[in-house]
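Positions annotated as S-adenosyl-L-methionine binding site by Swiss-Prot, on the basis of sequence analysis: Arg98, Asp99, Glu114, Arg115, Ser150, Ser151, Asp168.
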Amino acid sequence: MTPIFFNQQYPTLVDICARWQLVYDANATFELRFESDTLSLHKRDEPKLDGIVVDFVTGAVAHRRKFGGGRGQSIAKAVGLKQGVMPSVVDGTAGLGRDAFVLASLGCTVTMVERHPVVAALLEDGLRRAYQDAEIGDWMRERMRLFHGSSLEALSKLAQEIDVVYLDPMYPHRDKSALVKKEMRVFQSLVGADLDADGLLAPALALATKRVVVKRPDYAEDLDGVKPNTVIETKKNRFDVYVKAAMK
């Protein structure tokens, strides 16, 4: 059970917290609010920080969907997206769902796995609003879902073939941009660094039939010390690709 502060007079919040096994704690560091049909997370000792929400409909993710470079993006190349090939992807470290959304918007079917229940609650709320949206709702319902389990091992019990497992473990950020500082400060204090990130690679390789893609900061070592088959570099990050079989 995860402690959280919330207004116990709001049935919606009570239901969300019960669903994700979040227990009321008057002294909790974090608060969940439900305002304007949106679930948001707030750090109570930093009231000036905006709440964190998952929003697939407006803002930065919507802009990236429209103007982000389509299949020419490095992430699309990394997962093997090409003409006639629409891989099924498991995002094993979903976070706020941004990379998963990019892949879904390009045609992949994406299953998100998020082990922290507060983050999972935010993701589910973001999906709920996206599913209702007139512009993106139809394909979002078809291509993007949240798995109600906390591990890749749990997902492997489902009898469905997964082409690609995508991992973006939490790594200490050097980036000093305001957004990264704000979101990462809140996020890392909530979920902590992925100290067991190296343990994600083996189950990912067991689950994926075609490849595993690991997003890393450019200064980070290889996950679990395993050298990838190929690397796709961007300005600040890289995608390490572990190939098991050809995409077709």
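Even glycines carry a Cβ here, placed using N, Cα and C.
The Cβ neighbour count for Asp99 (S-adenosyl-L-methionine binding site), using a 10 Å radius and every protein chain shown, is 22.
According to DSSP, Asp168 (S-adenosyl-L-methionine binding site) is assigned to coil rather than to any helix or strand. Arg115 (S-adenosyl-L-methionine binding site): 16 other CB atoms within 10 A of its CB, across all protein chains.
In this structure, of the binding-site residues Glu114, Asp168, the smallest number of CB atoms within 10 A of the CB marks Asp168. Each of the binding-site residues Arg98, Ser151 was scored by the other Cβ atoms within 10 Å of its Cβ; the lowest score goes to Ser151.
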